[in-house]
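Beneath this line is the structure, given in structure tokens, with notes to follow.
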Amino acid sequence: MNYSAQSISLEQAQESIILAIFEDNSLPLSAKKIDKKLNDQITDAIKNGEISGKLGQILILRNCTQRIILVGAGKQNEITERQYKQLIAKAIQIAKETIATTIINALTDIQIKDRDLYWNIRFAIETIEANEYIFDQFKSKKVEKNSNLSEIIFYVENNTEKAQQAIQHATAIALGVKMARDIANCPPNICNPVYLANQAKRLSQRVPLIKTKIVGEKEMAELGMGAYLAVSQGSENEAQLSIMEYRNHPNPNAKPIVLVGKGLTFDAGGISLKPAADMDEMKYDMCGAASIFGVMHAVAELKLPLNIIGVMAGCENLPDGKAYRPGDILTTMSGLTVEVLNTDAEGRLVLCDTLTYVERFEPEYVIDIATLTGACVVALGQHNSGLISPHDDLAHNIEQAAQQSSDKAWRLPLTEEYQEQLKSPFADLANLGGRWGGAITAGAFLSNFTKKYPWAHLDIAGTAWLQGANKGATGRPVSLLVQFLLNQVI
Ligand code: BES
Ligand code: MN
Ligand code: ZN
């Protein structure tokens with residue numbers, strides 16, 4: 001879809017128009033203009049009770065080949081982000097069912113609660129693009145495109161600069177989300193650690209600002225990444241750590257922001273095998289890595305003046321004669337030893353060595369993103385990602401970005417008591433923290449490996465993909481992370 005923001009003369013426009021009607025019956029300026037042009041057709045429709053402005057109502061008026069799609073937007077200033085997104089989705093769906101190729105969207109009149117024009121446009125584009133997404137790469141019959149709509153013009157009175165910025169940010173984020181979803185939805189017989197590395201290499205071929213380095217198992221062994229390698233040892237697919245370095249800070253020596261993504265391209269649980277039901281969903285155990293890829297793409301698109309290093313920790317966790325076992329004691333790259341109590345708690349093992357590896361970049365911050373624990377889904381459900389960090393400033397900045405982008409996250413406590421649960425009689429740490437507070441003990445485990453820099457952890461186990469009728473990757477938390485990075489610049 002093409003997007004633009006224009007302060008055109010609505011009366012003269014030939015294209016179809018989407019207009020908002022509010023519940024108190026006072027028409028916004030744009031609707032007034034069209035009402036006049038159509039000899040009070042809108043006022044008459046309201047008088048006749050055909051539309052009242054109640055949230056979600058729709059009425060289509062015709063004027064030759066032009067269609068006027070009236071949308072009930074409830075009470076001005078009271079519409080929530082969620083309601084607004086649903087409204088946009090509905091209005092665009094209806095526009096798509098008409099013959100229109102271009103549509104003028106005057107829902108820019110809507111003031112979302114506590115939001116300005118920028119967010120009106122940004123949420124609209126992110127919603128529209130998310131709804132356009134189809135994943136039919138592996139269908140022999142492709143989904144047919146049944147709409148001609150290819151251009152949306154956001155109607156703005158003034159403030160076109162802000163609107164343009166919203167379009168630029170939203171399209172870059174939406175494309176990043178799409179890329180993350182594509183990689184995440186890809187089946188595990190194709191999307192393995194080498195596949196992730198190839199994606200990273202291809203990205204650096206297309207984007208000169210990004211340099212990619214791949215660390216394979218041989219180099220991991222030389223580096224002493226004993227925890228990461230143990231997880232991989234039951235798989236025929238080689239583990240690969242993909243490092244995408246984007247350097248565009250005006251000061252080339254500025255410390256980089258490092259983003260680390262868990263990239264378990266399949267997590268069967270290993271010897272502590274998972275139950276069969278829904279095990280296919282463990283192809284999504286690389287959604288952290290996929291989100292990093294999407295973020296790097298968006299960052300390059302926006303040419304953000306920052307140094308950012310995106311790391312995808314690719315690995316596969318399978319049961320095998322060579323697989324690591326419960327009881328094994330591993331030596332991590334940091335030197336700390338870990339007793340394995342459950343081979344299904346593999347994410348923290350892959351991440352702990354990756355978090356030690358990234359020390360070499362002398363990061364300003366490190367944020368890791370991981371589908372780390374089912375316990376996080378139990379704690380927060382599927383709407384908020386779990387945020388864990390010992391650093392209040394960093395945590396607040398992430399919370400703020402989550403709130404702004406509406407890609408929600410909720411902070412969990414990381415007080416010192418949780419470390420007790422990770423004690424092992426035989427090694428420095430156990431990879432399991434017992435029954436309670438599993439999302440937090442996983443974060444507590446990681447915190448032992450992040451002492452050299454400010455660090456935060458996002459557990460996206462509940463938010464990275466949907467189950468049921470709309471099964472598929474969501475592309476979260478690309479929007480949150482890009483917002484966090486945008487906030488570093490503005
Ligand atoms: N990838 C899973 C976490 C997960 C499970 C995400 C279900 C989304 C849905 C992770 O590797 C895992 O298996 N975690 C275990 C940890 C436990 C053994 C301490 C879990 O959550 O059950
Ligand atoms: Mn697991
Ligand atoms: Zn896992």
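From the backbone N, Cα and C atoms, a Cβ is placed for every residue, glycine too.
Any TrEMBL annotation is an automated prediction that lacks curation.
The Mn(2+) 2 site recorded in TrEMBL includes Lys262, Asp267, Asp285, and the single candidate from Glu217, Glu219, Glu339, Glu346 that the record places there is Glu346. Secondary structure at Asp344 (Mn(2+) 1 binding site), taken from DSSP and collapsed to helix, strand or coil, is coil.
Annotation note: Asp267 (Mn(2+) 2 binding site) sits in a strand segment as assigned by DSSP. Recorded residues Asp267 (Mn(2+) 2 binding site) and Asp344 (Mn(2+) 1 binding site) have their alpha carbons 8 Å apart, per Cα-Cα distance. Taking the Cα of Lys262 (Mn(2+) 2 binding site) as the reference point, the closest of the recorded positions Lys274, Asp344, Arg348 is Arg348. Close to ligand 1, meaning a Cβ under 6 Å from one of its atoms, are these of the recorded positions Lys262, Lys274, Asp344, Arg348: Asp344.
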